[in-house]
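Pulled from Swiss-Prot:
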{"type": "DOMAIN", "residues": "2-241", "note": "domain 'ABC transporter'"}
{"type": "BINDING", "residues": "G38, Q39, S40, G41, A42, G43, K44, S45", "note": "ATP binding site"}
Amino acid sequence: MIAFRGVSKVYTAGGREVAALRNVSLRVEAGEIHGVLGQSGAGKSTLIRCANLLERPTEGSVSVDGQDLLALSPEALRKARQGIGMIFQHFNLFGSKTVAANVAYPLEVAGTPREAIRERVEELLSLVGLSDKAQAYPSQLSGGQKQRVGIARALAPRPRVLLSDEATSALDPETTRSVLGLLRDINQKLGVTLLLITHQMDVVKAICDSVSVLERGRLVEQGKVTELLAHPSTRLHQLCFPAFAAPTDAPSGRRVALTLAGEHARRPLLGTLARQFDVDALLVEGAMERVGNTRVGRLLVDLQGSADAVSQALAYLREQGLTLEEAANG
């Protein structure tokens, strides 16, 4: 478990103070994948560097597995950091070392016996699919392979927590999907808690259980990804589903915006309106997104039928728990 409580970070630049983080409090539960989403300058990198005290907060506290890192002695902090692995955006591999030697490095620093290092390196290279690259050098690897080495190295000391600093932003879409799939597998197989920062909504949708949205150093919302996306008023929903374009034609019925999530996104709700209420639903605009193993969608529809029938159809949709907003006619 990771907990930030009232964390602020202020830098001094050019004789003035710049606040990178402003009173941020968030909690990442043990074993989950938590994303921190925000654009450049939002404070994401500062936050993740506070998670292992590469940056010390100006105010607030940071706890990992119940330990207040700021209260630890230098020796105790070094020991605590062994349980926190980090994956970097630009890999940070030693160019003069082989893949196996890069993975072995943190174990050598920790004084691990040579035979135990060899066994652990073999195990990790198998886990990340690079057993055949043990004696290769970073210059001989693709970007995705380099990141897999970085992941293996981060896992070498058997950390309970992995921090991912924009780990896929330098990769092409196909490689990104592959690396995200590997991170999800590691989370499920090893039970490692993963805190990742990203500016890419696709990363959040692909593997995150929960998410925090940062803007200008402030936490604007946090929660389960599917729950936030299911509510049009949330910032995450607005980032994922931009506002519908202004209609160029008058509605041909009562125009309604529907948000579908989970079971609702798999059911023929619009067909049900036609069969059960004699109401036709004309799709004006819409989008459907896959979020982990579920789907979330937002549709703009015109409901056509008698006034009573349309009212009954709307009542039915509300009874089903759908979020809907009715647009003004004309």
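Positions of Cβ are set from backbone N, Cα and C atoms, glycine also.
Here the features listed in Swiss-Prot are placed on the structure.
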residue: G38; record: ATP binding site; CB count, 10 Å: 23
residue: Q39; record: ATP binding site; CB count, 10 Å: 11
residue: S40; record: ATP binding site; CB count, 10 Å: 7
residue: G41; record: ATP binding site; CB count, 10 Å: 12
residue: A42; record: ATP binding site; CB count, 10 Å: 23
residue: G43; record: ATP binding site; CB count, 10 Å: 25
residue: K44; record: ATP binding site; CB count, 10 Å: 25
residue: S45; record: ATP binding site; CB count, 10 Å: 19
Same-chain neighbours of the ATP site, Cβ within 8 Å of the mean position of the Cβ atoms of G38, Q39, S40, G41, A42, G43, K44, S45 and not counting those residues, run in sequence order as I197, H199, L214
Restricted to the domain 'ABC transporter' (2-241), the mean pLDDT of the model is 94
In three-state DSSP terms, G41 (ATP binding site) is classed as coil
